[in-house]
Amino acid sequence: MKINYPLLALAIGAFGIGTTEFSPMGLLPVIARGVDVSIPAAGMLISAYAVGVMVGAPLMTLLLSHRARRSALIFLMAIFTLGNVLSAIAPDYMTLMLSRILTSLNHGAFFGLGSVVAASVVPKHKQASAVATMFMGLTLANIGGVPAATWLGETIGWRMSFLATAGLGVISMVSLFFSLPKGGAGARPEVKKELAVLMRPQVLSALLTTVLGAGAMFTLYTYISPVLQSITHATPVFVTAMLVLIGVGFSIGNYLGGKLADRSVNGTLKGFLLLLMVIMLAIPFLARNEFGAAISMVVWGAATFAVVPPLQMRVMRVASEAPGLSSSVNIGAFNLGNALGAAAGGAVISAGLGYSFVPVMGAIVAGLALLLVFMSARKQPETVCVANS
């Protein structure tokens, strides 16, 4: 099989970004001790990263949209590398917080511009698969990068974890430099015109679908450990094993979602959102034993990430006049869904409904996303996305 080097370079960048985004979750106690703060305070580093993604996605895309995409992507990975180096040498909590925010500024714009580049280096009928290939780096980070960074942080120190992640940034920059076509600098964008594109009803509908799709995922994912402990009576070792299986499911779903979205974006969204609803409604029953829990986590992970490539392609299609900005904003929408999903799951727990109802709430959110897809599909027939290089 012929290797598509531009897609490989984008996947390497995605792997690094996924590693730096998720690895602090497993290192919070170590980081908290290192900068002399409480674990909840250290948890704010994760929230700050998410906020930085939402702010940085449109901001960095607009600032870099007149530059050649290769140089823009390399610049974004330079920010990533610098942010991780500064995190590794941060002398105190506030410096670490600012370093994490700096690191996050590349996230949305990289995936947004990267999606456009990925779609431009393959034939039109393979664009969704190309976008999925880039996101495969993100899913593989959950299987390999995050556990490796966590192990490194636990054994050598959390600072070494950030330094190693910075090394991934250097590898990514070199890969992008040698694999992507140079391209010329584009015209400076008309900001008002591109923002007007985002205000179209069909674009807002697509972005809202992304928020709800991500919200369904994070309603459960945020509380996966206590949910499994409550339903399955899982040990910490078993929970860790389930997180690995979820990562495997992410990779399977990402691949299937990309392949099927090449045929039909809306059809893929309908099918996997329905599967996501069904499996989350079934988890309170299936996960009562370890085997059922393992099967549930793989299927749930696959259904969850299978909607990512079609959601990204859907926004790029309905906002084809501003593909870079729209796809970057869509990454911000994923992070907004992250926050809303965590809030929805937290509301269930705070209301005393029990951890078994958390996946049910996720199914309700997925149902809202599915309803929105059906409504939008009636008004907006599928069109072919043309990504210009």
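Every residue gets a Cβ built from N, Cα and C, even glycine.
The structure displayed is predicted, hence computed values, not measured ones.
Database features (Swiss-Prot):
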- 1-6: topological domain 'Cytoplasmic' (TOPO_DOM)
- 7-27: transmembrane segment (TRANSMEM)
- 28-43: topological domain 'Periplasmic' (TOPO_DOM)
- 44-64: transmembrane segment (TRANSMEM)
- 65-70: topological domain 'Cytoplasmic' (TOPO_DOM)
- 71-91: transmembrane segment (TRANSMEM)
- 92-100: topological domain 'Periplasmic' (TOPO_DOM)
- 101-121: transmembrane segment (TRANSMEM)
- 122-130: topological domain 'Cytoplasmic' (TOPO_DOM)
- 131-151: transmembrane segment (TRANSMEM)
- 152-159: topological domain 'Periplasmic' (TOPO_DOM)
- 160-180: transmembrane segment (TRANSMEM)
- 181-203: topological domain 'Cytoplasmic' (TOPO_DOM)
- 204-224: transmembrane segment (TRANSMEM)
- 225-236: topological domain 'Periplasmic' (TOPO_DOM)
- 237-257: transmembrane segment (TRANSMEM)
- 258-266: topological domain 'Cytoplasmic' (TOPO_DOM)
- 267-287: transmembrane segment (TRANSMEM)
- 291-311: transmembrane segment (TRANSMEM)
- 312-330: topological domain 'Cytoplasmic' (TOPO_DOM)
- 331-351: transmembrane segment (TRANSMEM)
- 352-356: topological domain 'Periplasmic' (TOPO_DOM)
- 357-377: transmembrane segment (TRANSMEM)
- 378-389: topological domain 'Cytoplasmic' (TOPO_DOM)
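When Cβ distances are compared across the two stretches, the transmembrane segment (160-180) makes contact with the transmembrane segment (71-91), since 3 or more pairs at least 6 residues apart fall below 8 angstroms. Between the transmembrane segment (357-377) and the transmembrane segment (204-224) there are at least 3 Cβ pairs closer than 8 Å, counting only pairs 6 or more residues apart in sequence, which means the two stretches are in contact. Long-range contacts of the transmembrane segment (131-151) within the same chain, counting only residues at least 6 positions beyond its ends with a Cβ under 8 Å from a Cβ of the stretch, are 4, 7, 10-19, 21-23, 25-27, 111, 114-115, 118-119, 161, 164-165, 168, 243-244, 246-248, 250-251, 254-255, 257-259, 261, 305, 308-309, 312-313. Using a Cβ-Cβ cut-off under 8 Å and counting only residues 6 or more beyond its ends in the same chain, the topological domain 'Periplasmic' (225-236) has close neighbours at 242, 283-284, 287-290, 293, 354-356, 358-359. Highest Cβ contact count with the transmembrane segment (204-224) among the listed stretches 7-27, 71-91, 237-257, 291-311 falls to 291-311 (criterion: pairs under 8 Å). The transmembrane segment (237-257) and the transmembrane segment (44-64) are not in contact, since fewer than 3 Cβ pairs between them lie under 8 Å (pairs 6 or more apart in sequence). Beyond the topological domain 'Periplasmic' (92-100), the same-chain residues lying 6 or more positions past its ends with a Cβ under 8 Å from any Cβ of the stretch are 24, 31, 35-37, 41, 44-45, 48-49, 52, 83-84, 86.
As a quick check, the transmembrane segment (44-64) and the transmembrane segment (101-121) clear the bar of 3 or more Cβ pairs under 8 A, pairs 6 or more apart, so the two touch. Counted as Cβ pairs under 8 Å, contacts with the transmembrane segment (331-351) are highest for 101-121 among 7-27, 71-91, 101-121, 291-311.
With helix defined as DSSP H, G or I and strand as E or B, the topological domain 'Periplasmic' (225-236) counts 8 helix, 0 strand, 4 coil.
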